[in-house]
Every structure is written in C-alpha cells, then in structure tokens.
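> Here it is, the structure in full.
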Amino acid sequence: MTRNSSSSFSYVVTSSNDDVIMEIDEASEPQGHNGIVVSAHVAWKDVSVMVTLNNGDTRNILEGLTGYAEPGTFTALMGPSGSGKSTLLDALSGRLASNAILSGNILLNGRKAKLSFGTVAFVTQDDTLIGTLTVRETIHYSAQLRLPDRMPLSEKRTLVESTIADMGLQDCADTFIGNWHLRGISGGEKRRVSIALEILMRPRLLFLDEPTSGLDSASAFFVTQTLRCLSRDGRTVIASIHQPSSEVFELFDRLYLLSGGKTVYFGQASEAHQARYLPYSRLSIILWIIFVSRPYTFFIMWKLELNLVFGLQFFAEAGFPCPSFRNPSDHFLRCSNSDFDKVKATLRDSIKYNDDPLNKMTTVEAIRSLVDFYRRSQYCYLANEQVEEMSKVKGTVLDSNGSQASFFMQSYILTKRSFVNMTRDFGYYWLRLVIYLVVSVCVGTIYFNVGTTYNSIQARGACAAFIFGFMTFMSIGGFPSFVEDMKVFQRERMNGHYSIIAFVISNTLSAMPFLILIATLSGTICYFMVRFHPGFSHYLFFVLALYASITTVESLMMVIASVVPNFLMGIVIGAGILGISMVVSGFFRLPHDIPKPVWRYPVSYLTFDFWAIQGQYKNHLKGLIFDNQSPDLPKITGEYALKETFQIHVNRSKWVDLSVIFSMIIIYRLIFFIMIKINEDVTPWLRGYIARRKMQQNGANQNKTMTQYALA
Ligand SMILES: Nc1ncnc2c1ncn2[C@@H]1O[C@H](COP(=O)(O)OP(=O)(O)OP(=O)(O)O)[C@@H](O)[C@H]1O
C-alpha cells in the first residue's frame, strides 16, 4: 500500500506487480487507536472444516469455500439451518470447536490470520448480559473495562453516549436489562445492547451470528439497518442471517449463500435476483453505449463485479428465476433447503405445477445443479480473482480489539460491577440471608441456652455439626446466579475484555461483604441464643469459622461451575460432594471409627467440615465444666469430653483448624483459575489432538480396506 503523492487524501493499493487494485479515500478510512489508518480486508480461500464425531467418524461441515469481505460492506451469510453459517463465522473468527479441523487459508489484510481472543468483535446468538444493570451502566462498565486508564472519564462517557446513540438505545438507556424479577428491555433492544458492547471499541471487523433471530420484522429491520450504517463507517461486517424479510434483504451488500457446507452463490446481494426487473434489451443498449463511449468505465464495472453488464442474475441464469411476488431470500432458501422435499411430499396434492422449476425436481437436485453452476460461473471466477488480488496486498496488522485497561482497573471495575449486581439481584445473596436468619432463629430456639448439663455435651456437638454441615450447605443456592455470571464471563473472555485473574479476584472481593454479613448476623443469632461459650474470642472464632466455611462452599461451587456449567448437574454434583464431606466430618461417625483407608485418610482431611467441626468442638467445650450423668459422679471437663466423647485432637489449636479452612478457600480459588485456564488452553489442544489422531486412524483404516479390496 503506498500513499498517493498527488493527493494527501487517498491511498493507492497496489499488487506486487504494481497494478492498481483500488483507491481508498482517507476520509472514509477509519483510524485505529494508535492513529494508523486500519481497515479489515478478509479473504478466505478453499476453506474446509471437518469435525470428528464422538464415535470416531469424521464429517465435512464446510467444503472448499472461497469468498471475501471488504471494509464498508455488509456481507450476509444465508442458508438453511445446518448449512454451516455459524461454522464459517467461527472459522473466520478463530472460534472453531476443538473437534473441528480447518484447512485452507484465511487472510486478514493479505496476511494469514491467527485470530484469537479479542482480535475481532463477535456478537454471539445469545444475549448474555447482566440483568440487574441498566443499558447505560452495561456499556459504561464495558468501556471502563477495556479503554485505556489514561483516557479521561469524560471521553469514556462521550464514547458510551455516542455508542448508545449509534445503536438507537437512547430511549431505554436507563432501563434495566431485566431478569427473573426485574422487568427489562425488549429482545430487539437486548440484541442492540450486545452489538453496542462489541462496537464500543470501534472494531474494524465485526462478526455477528444471527443478530436478527427471535426478533419481529420491524426490530430485525432496524438491527440490520444499524449494521449497514456501521459498515458504512469503513468497517467490515459479516453476519449470518436466517430468513430475512425482503426489506432486510435489500440492506445486504454481499450475499454468501450456503447449502450443506457448499457455496451456492457469492456475489452482490442485489445481483442474485434484481436484474429480473430490468429488460435485457434495454440493458444491453445501455451497456453497449458505455462500452463504446467509455471502455474504461466498462472495465471498472466489470472489475467491481457489476454484472448487470451481462444483464443476468444468478438464479435466473442457473434456471431458477425468482417468481414474481416471492421474497428473494425465501426463494434462495427454497432452492437450497433439502427439507423442502419433505414439505413437498406432504403437500403434494395441493402443489400446482406452475412455471416454477423447483416444483418439477427435488430440492436436492436443485442444490446440486446450483452448486455446479456456481462453480462454473463468472461469480466464482471473479471471487477467486478478487481473493487472489487481496492476498497480494499486505496491509496493516489489525489492532487487538481486547482490553487496553490495566489489570488493576479491570479488577476494580469488575469488582464494582459484580458488587452492584449482587446488591440488586435479590436471588444472589439477599434471599439466602433471609433463609440463613430464619434457620438461625430456629436453631437458636431449639438449642436455646444449651447450658452445661451432661446432655448438653451431645447437644453442643449436634448443634455445631448442624450449623457447619447443613447451614453452610445452603450456599449451593448461589450456584444458579454464579452460572449466569460464568456465561457473561465466557462471552467477555472470548472477546478479550479482561483477564481470568481479574475475574477471580473481583468475584472473591465483591462477594466478601455479603458473606461477612450472612456469617455475622446468623452467627450472632446462633451464638448468643444457644450461649455456646462466654468470651469475645470464642464468639469471634465462631463467626470467622462460619464465614470461612460458607466461603469454602462457594469456592467449591465455583470450581464445579467451571467444570460443569450446567445448572442442574452442578447442583447435584455439589450436593453429592457436600453430603460426603458431612458424613466423614466426625459427627455422624466418630473420627477413630471412620474406615481408615479412603474415608479417614485422605477424604476426611480433605473436607472443610472435618476441620470446622474439630475447631468448633474445641471452641464450645474446652475450658468448661459439665455435670456428670448423676450428681454423685465427678464433674466432666471439656477436654475430657472432647477426647472421650468426640475423639478430638485437643493438642492442636482451634486456630490451626481455622487456618486450614482459610487455606482451602485459596486452594479452591486457585483450582478455579487453573480449570478456566485448562478449559481455554489445554482442553481445545487435547481435543484437537484426539480429533486429528482419530482422523488419521480413519484414514489409515480406509487405505487398508482399499488395499485389501484391490488385492482381492
Ligand atoms: N463441533 C461440531 N461437532 C460436530 N458437528 C458440528 C460441529 N459444529 C457444527 N456441527 C454440525 O455442522 C452442521 C452445521 O452447523 P452450523 O451451526 O454451522 O449450521 P448453521 O447453518 O449455523 O445452522 P443454524 O442456522 O441452525 O444455526 C450442523 O449439522 C451441526 O450439527
């Protein structure tokens, strides 16, 4: 790319042999953060995707696709369900599943692209947003998470407001996104918020997976129109769209039509059908005039694929003209969706055999004919030519679309956002606090003023076991909210919004005030109603141990959420682990009676309940004197009861027991971090390796069978 010396406002893009490929007006070319003019020219050549299925078989999802997308254009990927639209988007944006193997070339500004976290903006099909934040807050937090720290707050605010205006969200800017107990914005507005979050950093390349799914036709039109406007700003926008209305279809610049992973059509969207409105004779006269008077203009038109030159439109040319009064997108999908054969079979009596050729052949035949026709057509030839040209132009390497904020800023903003969410979401902690208080009052009244009678020794043990076993168990109730948090985390992480450590720290810090509140209030009620042991240090120990135990359960549930992000399975697994932890805690079976292999060593020592109960018994009994079974018998010391009744290790300080629980919190948080890292880095690599091995094995087996067959 060279700067044109005659004009400071234009670039001349040249190929390696110095042919002029295109001129770019600088005013329309976007500026990157570093001031360098950047734009995204994406080209893909012979892209195929093969997946390994669970049974070891392989399947081709995409076969030899070639196409391109340029700045300032809006490319729509269309095709029937299962045709490979999402897979193509994933392949282009570097998000393919780990069992998928990509072959072919993907070029970004003429260079082989290795797109990973945060390089491109990707709007997924689901709107994973935090329901308790308003639209403005959602965008504002995202801006603070990603924009550089040195950027003044006023500028960040201006950017947020302009993004809100770009997406037409002004009217609902202060409305909550909405969740199960908060009435929120509409589905169309949610889609626009999701898009707003990705265009906030002004990405040059924007991928959207079905941005209009689930929207009514008016909302779909407005969302698509917004995308078209965004592209007009010099961005490259590629979106998969399911079944657009004719109004929405008119907004596409280029159409990539897929069926069964193969290209049915790629070219100007209008060309797929529009020329039918233009009489051939009149068009050819116009073109002859252009050709004779301005051969250069004619050549440019041809280069720019204005195929009106030939007055032919693809589907008509291929023998499947779009009938009058049929929505073009309906027609394309009708031609490329083999499921219509089943529809036809069902409706065979009512189908009128009119001129529509689709009624005279199966859709499978139509698809085959269209795919073959496209391969031999000038559209395919021009697409290949253009991709070839684009691969020769080595443009600017695209800036990462990820966060430019410092680690401390990310941690601070995430903590603040998470705290606001926890405060506003009644189901996150408030509901649990109410239940904890109610249960604490119940425990307090049942064990009220437990005293120092002989029977109180057992009662104290049972009460502590209940509080630290069953009450802490209630913390698994926070799992659903945490699963929702994880969904937001995964979306933001895939787009490179912040680091994993920032997320883990923020989650720990934001939850802390609520857990302290729950532990202090319910601990105080229980402690003073039951009257466990006089003395502030005993009370403090009890509350600290309760806090540590609840936090451990939370941390354990976080680990489970990182492995099993399914709400129901997570709760069941969490309940199972806590159940086992309770039964080996030393209350239901005394420590020395627990079977030594496995259950005592190591399982009981790995559970927090064991350490919590050891500490609590010491806290509630040590230093007290208890009545014996009859007044004649000598009094029982707390130490004696601990050793003989509960088989407790009295020489170890209760503070050591407490510190083991605190260290478990740290260990679980570390495991949580490692699990996310493994999910991100190791699992895809491992699954990819297994997929490749299976593929190689399949190939070897096939070769062996073929050789045996040949020898026979
Ligand atoms: N990782 C994968 N493993 C196995 N099969 C896959 C994988 N990814 C996609 N597929 C299969 O490939 C086909 C194409 O899927 P894809 O999601 O790309 O289609 P689509 O055109 O986006 O469909 P829809 O419009 O319904 O979202 C489907 O049959 C899907 O089941």
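In case you wondered, yes, glycine gets a Cβ from its N, Cα and C as well.
Since we're looking at a predicted model, the values are computed, not measured.
As listed in TrEMBL for this protein:
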type	residues	note
DOMAIN	42-285	domain 'ABC transporter'
TRANSMEM	429-450	transmembrane segment
TRANSMEM	462-480	transmembrane segment
TRANSMEM	500-527	transmembrane segment
TRANSMEM	539-561	transmembrane segment
TRANSMEM	567-590	transmembrane segment
TRANSMEM	655-676	transmembrane segment
> Tell me if the transmembrane segment (462-480) touches the transmembrane segment (567-590). I count contact as 3 or more CB pairs below 8 A, with pairs 6 or more residues apart.
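Contact confirmed: at least 3 Cβ pairs fall under 8 Å.
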> Mean pLDDT, the domain 'ABC transporter' (42-285)?
86
> Is it the case that the transmembrane segment (539-561) and the transmembrane segment (429-450) have 3 or more CB pairs under 8 Å, with pairs at least 6 apart in sequence?
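They are not in contact.
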